[in-house]
Structure formats: structure tokens, C-alpha cells
Amino acid sequence: MIKHFINLDDLPNHDLTQIIKQAIALKKQYKSGKINKILEHKTLAMIFDKSSTRTRVSFEAGMTQLGGHALFLSDKDIQLGRGEPIIDSAIVISSMVDVIMMRISSHKDIHTFAENSSVPIINALSDESHPCQLLSDMMTYQEHNGSIANKTIAWIGDGNNMCHTYMQAAKSFNFKLNIATPKNYQPDQDFIEKYANHIHLFTDAQKACQKVDLVVTDVWASMGQEAEQTKRKITFKDFSVNAALMSKAKPSAVFMHCLPAHRGEEVSTNVIDGSQSLVWLEAENRLHVQKALLLYLLN
């Protein structure tokens, strides 16, 4: 049976934990200068309809480090961007490569692609979730503070795809999640109902951050929402992660952001560049955790 990675909780906790464990080992191996060509002669197709820095660089570099090859396919490069049916593209592309990574707008389209693919599909970001980023976040927390189980995390800002994936992670990794959003910017109702036992909803960021172990945020306007930027700056002004907000968390608390960040909006400069911030380690770990994910999916 083909294994896909479309949502974080597609995989059992044991498998997610093993992927992170292997990622830490691969990172140590890479830092020591050891060469591992375990994916030699394997090809990863990377399909994008969104611009990307961390996703493209981490997957492409990761395949190279493991001896494989990564093929970049934007919607301008392939017939999928000119109206070829998703089913047809899935059948053809999967017949020529070993694994496919997709960073596209429609989560539904990723599912359709997976249903018609003969190789594993990785969701590298959709309008619904961002599971690869969460693997990196969980790895980063474990490296810095140990197990995240039974900890309390505060999500501050928009109830977007990253927030959805943190809700999935709360169940998979057994932590409590406080979600603070403006009134009309909560996560999708389906997610609220599905993960109700693992989350608490707030409209006050300071209350959500009380005594938490980790504070996480994301941009106020995601790609495709640029027209709402000015309105959202006003609506979200009380949901900026600054030093005053971080002071509500535990003294040992850390800060994460999937990047890119807008300093002075969702996070202040002194927080993202401060001693509690793990954003650079978090970004670097995308490389190693995705290498471990590729090895898992390719067995």
C-alpha cells in the first residue's frame, strides 16, 4: 500500500516520532560530514503553484544530500497549469518519478492527485494544512526543550492552515493548544469540532499565553489574501507577539514562526531576533526532517 503524507495525523504518533528521531540522527550525520547516498537514483518531483523559499530549498537540497535528484515543476512548466486534468497529470508524472511533493493552493487537489498516483505524495503546503512545517516544529522543540507531550502551546493570530496543523499536532503529540484569534478569524469549524478535546479558543492573546511553554504565530495575511492586508493589520493589532506578550508565558518558553515574517506586525523584532526565538533552527530543521520523511515514505 502506498503511503502518503497529506495531513499530519495521517500517520500514527509512533511513526511521526520515529521520523523525528531519524531526522535528528540525519542532522548529526550531516553536521559530521558523513555522506549518505541512500536515495541514489531516486527522483522527487516538486510541483508548485505558490512561490517558495524554505520548501523548495530544503526538499531539493535534501534529495541531493541523500544522493537523489529533485525536479522543480511550476504550474508554468507543466500541462497541469494549462488545464490538463489532475487525474491525467497524476498518472503520468507518478509513472516517471519515485515520490511527489506538492505545494499548491487546493488541499482537495492534493487528495485527488494522491488517489491517482502510483507513488507517495507529500503535502508541502495547502490551503488547509502544512504538515512538513509541523514535523520541523516538533523536532525543534524536542531538540531544545525535550518532549512536547503534556506541554501547553499558544497559537496567536489567524486560524489558518498552520493553525489547523497545530490542532492536528495537539492530538498526535498530546499537548494542549490555546488558540487566540480575532472573533471572525477562528479555525474552520470542522477542525474545531474534530479536535475539541485538545484545544481551547480565546479572543484575548494575553489570556491564551498565560504560563505556556511555546508561543507560535504566522503572518496575518497569507498568500492570496494580499487584498485584505490593510484591514487585517487593524483587526489583528492586539495579536502581535511582542515582549509584553511573551512575558505572560513561562520564563523557559520559546517562540516559533514558520516564516517569512513581517516584523512589526505579527511579531516584534526583539522577539523574533531574541533569545527565546527558535525560528532559524526551525527553518534549518525543515531540511533534515523532510529527508527523514522521504526515507520513511520510500521505505
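A Cβ is built for glycine as well, from the same backbone N, Cα and C atoms used for every other residue.
Listed in Swiss-Prot:
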{"type": "BINDING", "residues": "Ser52, Thr53, Arg54, Thr55, Gln79, Arg103, His130, Pro131, Cys132, Gln133, Cys258, Leu259, Arg286", "note": "carbamoyl phosphate binding site"}
{"type": "BINDING", "residues": "Asn161, Asp218, Ser222, Met223", "note": "L-ornithine binding site"}
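What Swiss-Prot annotates, mapped onto the structure for a quick look.
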| residue | record | DSSP class |
| --- | --- | --- |
| Ser52 | carbamoyl phosphate binding site | coil |
| Gln79 | carbamoyl phosphate binding site | helix |
| His130 | carbamoyl phosphate binding site | coil |
| Asn161 | L-ornithine binding site | helix |
| Asp218 | L-ornithine binding site | coil |
| Cys258 | carbamoyl phosphate binding site | coil |
| Arg286 | carbamoyl phosphate binding site | helix |
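Looking only at the binding-site residues Asn161, Asp218, Ser222, the one with its C-alpha closest to His130 (carbamoyl phosphate binding site) is Asn161.
Close to Arg54 (carbamoyl phosphate binding site) in the fold, though at least 6 residues off in sequence, lie Leu259, Ala283, Arg286, each with a CB less than 8 Å from its CB. Each residue contributes its Cα atom, and for Ser52 (carbamoyl phosphate binding site) and Ser222 (L-ornithine binding site) these two points are 13 Å apart. Within 10 Å of the Cα of Cys258 (carbamoyl phosphate binding site), the following binding-site residues from the list Asn161, Asp218, Ser222 place their own Cα: Asp218. In this view, Gln79 (carbamoyl phosphate binding site) is surrounded by 13 other Cβ atoms within 10 Å of its Cβ, with every protein chain counted. Across the fold, the C-alpha of Asp218 (L-ornithine binding site) and the C-alpha of Gln79 (carbamoyl phosphate binding site) stand 32 Å from each other. The maximum pairwise C-alpha distance among Ser52, Thr53, Arg54, Thr55, Gln79, Arg103, His130, Pro131, Cys132, Gln133, Cys258, Leu259, Arg286, the residues recorded as binding carbamoyl phosphate, is 31 Å.
Neighbour counts of Cβ atoms within 10 Å were compared for the binding-site residues Ser52, Asn161, Ser222, and the top value is held by Asn161.
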